[in-house]
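Colleague: First the structure, which I've put down as structure tokens, then a few questions once you've had a look.
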């Protein structure tokens, strides 16, 4: 039996770090929303008891470093599944980009194998399992728009922001989240107003959303990789309604309401950035249907 599953990327409309926890993780408060840029996974049941990862993308590991592999392994061990699975990952989301591509692949694997192996788990149970794999996996199981707290695994759903274009530009570098957090000095950064962002999203206030976007990690990544700051400045000059770095970077996104301006910004960015995408916000949460 074979199953196709979609794994959408996420952006952070607001990201704050409150402090470091005793377990070594950072306490965060952020708003994430899924966008229509997605990897596609094909899950095929194997009679033999093994996990196989296949991808044409050379940056996708085919062993337990891969979060989709970890998701399959977790389900096999927790529920004593004796069958195997072959997971083919068609990558569209850039790797190490701040868009939760690996986490979304893991979440899609959890949802898909729940169906393929007839495990009968609820989406809440899958999200709880996702937290054992990575901080963003719980959110990616649900999708939609949510406030994430704790280390990112505590999810509270909120309304979907008004529909708009999201233009993404990723420079030809990868950023490691641990390096960014390691250089973060909480008393030297600008903290965004996450609560205000919740209010303007719930009010459907597009201008308010654009005025309130913020990411506490931006200055850290900009200092390490000045080219990320240059992309943000360029996107602003081209006329995006709001511009922000997603996650720990290096991808920068712009929110744009009008089609004509979206095309102008997209074409302008293609002139000096290799990976540029224009996609829409995804309004709906995932279901198990």
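Cβ coordinates come from backbone N, Cα and C, glycine included.
Taken from Swiss-Prot, the feature active site covers 10, 136, and the record attributes it to sequence analysis. Taken from Swiss-Prot, the feature ATP binding site applies to 94, 95, 96, 97, 98, 99, 100, 101, 102, 103, 104.
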Colleague: Rank the binding-site residues 94, 98, 102 by the number of other Cβ atoms within 10 Å of each Cβ and report the first-ranked residue.
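Modeller: Sorting the candidates by Cβ neighbours within 10 Å, the top entry is 98.
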Colleague: State which of the following recorded positions has the fewest other Cβ atoms within 10 Å around its Cβ: 10, 96, 100, 104, 136.
Modeller: 96
Colleague: In which DSSP state, out of helix, strand and coil, do we find residue 104 (ATP binding site)?
Modeller: helix
Colleague: Helix, strand or coil at residue 136 (active site), per DSSP?
Modeller: coil
Colleague: Quick check: which same-chain residues outside 94, 95, 96, 97, 98, 99, 100, 101, 102, 103, 104 lie with their CB within 8 A of the centre of the ATP site CB atoms?
Modeller: 9, 93, 247
Colleague: Roughly how many Å lie between the Cα atoms of residue 96 (ATP binding site) and residue 10 (active site), rounded to a whole value?
Modeller: 13
Colleague: How many Å separate the Cα atoms of residue 94 (ATP binding site) and residue 10 (active site)?
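Modeller: Residue 94 (ATP binding site) to residue 10 (active site), Cα-Cα distance: 12 Å.
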Colleague: Could you tell me the C-alpha distance between residue 100 (ATP binding site) and residue 10 (active site) in angstrom, no decimals?
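Modeller: Answer for this pair: 6 Å between alpha carbons.
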